[in-house]
Amino acid sequence: MARLTKVYNTDDDDSGYVGRRNLPLVAGDKLMMLMDLNSKGLVIDSPLIRGRELEEFSRKFKLLTEAERRQSLEIDSASFMEVLNQCVQCVGCRRRVERLFHQLTETGHRTLDPLELRPTATLGIVEEKLKTPQALGTLLYRHHEVLNNLLDNKLRNKTRCVLHSLDAFRAKPFSETWREVWSAMKSNCRNELTIIETKELHDVLENYLKKHKFCSGCRTKIERAYKILIGEISSKEKGYAAQLYAHIRKCVPDQHIHVTTNKIEFLDALIKRAEPEVNGSYSKLRERHAKTLEIAQEEVLTCVGMIMYERLRRIYVSLREEERACQVLAAVGVHALCRSFDTFVEQKQGISNLELLYQEISRAERAKQIKREQKKLKKKKKKDEKKNLLHRQCDDTEANESDEEEEELRNEELDLEEESQMQHEELSDPGADDGIVIEAARSPEPEPELTSKPTKSKPKKQSKKKKQKKAAFTKMGNQKQMQATARVQPLDADHDQLDVASCISSSIAKTVGDKCEECLASMPNCPCEQDVRDSGYGSDPPSHAGSRTSSAISSPEGSEVSCSDGLCNHDVHDEDSDDLLFYSHQSQLDHKFSLLQMWDDFDEYDDKDEETYYIPQEVVMAFKCHREQVQRKREELRAKLRANFERLCVQHGVQTQVQKSKRTTSALVGQ
């Protein structure tokens, strides 16, 4: 806040008081104070420009001659008012700036130095600022930003500023802000402000008594307290409180009183006592009383506080308004002068600032576009390098996997060759056919596949690997079959070796005349044979409980097993039954020949009866018979389960859906 440095009356000539950046301020009816803006400064004050800003303004400064510069930096009142109406939205600020403009034009005060308002109603710049480009450029530097920052304190959704809004004093009471204006005043201003004329105090007291309708007795006490204050009556009255008037000094010859300025607490108490009266907070409580002289003294102090409140508030509002008006006038004036200067520069250089700005923006955009393209190319190059690196890694992975697959296949072939050599050695052994059973060689366990990174060519590699493995196993099977054939042929050609097939067929042909291997009885009288031929449903004979053949219970299942094993005596013996009997006897010989020989015999049997794979009719009929029995038993079990469930529900008191439906049906029938 600006300082109040001097106080004088309105009748005095202020030409000798008002200096640079000083402005007279109305403080009362006949009281004037001098506002000093040197301590606060104006918004147009800024540090000297240097560097690029100075070079740019120097170029514009040199384009114009001295006469053109003078002409460009001088505007009339009409141009100023037009710019003012465009920039300032608050009506109160505009009216105050207009009054200040005309006031400074008439008086010629240098309040806005280096701006000057001439008697011709024109706004210009002092001669010193026009000589150097640095001084002039500093004054015109960032004028638009300065104006926007100054006018940016208006309320939201309102055109008035905070100072000229109706809510300016409602938000914060003056009793909390009066210290600001009190601290901005010098001692001479404070002393002059605290002088109260007795006539003024008496008028305020009369209005106060009429407002609150004091009774005659109370009015008398208040008037006596007033006369004691101004010194008309002696203070030796009954009930007088001297401490209430302790900080008020009376001047009887001059007919005024002085409020002590060094007692801030006393002033604060006076203002807080008077604030409800000034704001109208006690308007509903109009009737007041002063029963004692002490209460009457307090009522007189309330009137003194009302006078001080009005004076301080008037100075506070005037000081803030004049200070803001000076700031706005200076900012708008610099803005208007700068616009006029730029117009002359554009006319001289033949191109407007807007076009220059467009060219500068275009250059910046082109630079950004080039930078984006370079960044895009760099990113694309980096992406291509990454892609090539991935391709190389994939190729290396494929090569490694192919090498691993080849090595794995090579190992499998070596294992197969070793197994074939072992089988060849076993078959070439002369005692290999003397009832010794050759166990099947264990198939080589497949080695776990080597894990590799998932690539797009993995399905192709897997299919290729499967084909190679399949070809290898096919080749191995063909080699084994060829080796087995080559080994069986010497056995058939050699008459000294035992032919297993001929032995089996000769033993089948002599089954009637031979003896039973179990009980050593003749075959027609063999009880084992009779048990086998028995296809009834009797129990197992106890006399042959230890027999292996009669250990199976004579039942339909046992009969079917015996029939499937070729042990049944059918009337018609076809080739199929002979073959089944052949293989059943072959299984009873405890496998006294090699696996390769059994495989060759099965291949010959499969070649002869290639089209005999079908389900016999007896098996189909037995399945149907069992199916009907199973279905019937299932229905019986379901009915039994349902009956048990309903019985349990009845026992536990639970009503089932069937019982509900039965009750509903019975109810409908009853109706």
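Any Cβ shown, glycine's included, is placed from N, Cα and C.
Feature annotations, courtesy of Swiss-Prot:
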REGION    372-489  region 'Disordered'
COMPBIAS  373-384  compositional bias 'Basic residues'
COMPBIAS  385-395  compositional bias 'Basic and acidic residues'
COMPBIAS  396-420  compositional bias 'Acidic residues'
COMPBIAS  455-472  compositional bias 'Basic residues'
COMPBIAS  476-486  compositional bias 'Polar residues'
REGION    532-562  region 'Disordered'
COMPBIAS  546-557  compositional bias 'Polar residues'
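The helix, strand and coil residue counts that DSSP assigns across the compositional bias 'Basic residues' (373-384) are 12 helix, 0 strand, 0 coil. Taking DSSP states H, G and I as helix and E and B as strand, the compositional bias 'Basic and acidic residues' (385-395) has 11 helix, 0 strand, 0 coil. In terms of DSSP secondary structure, the compositional bias 'Acidic residues' (396-420) contains 25 helix, 0 strand, 0 coil.
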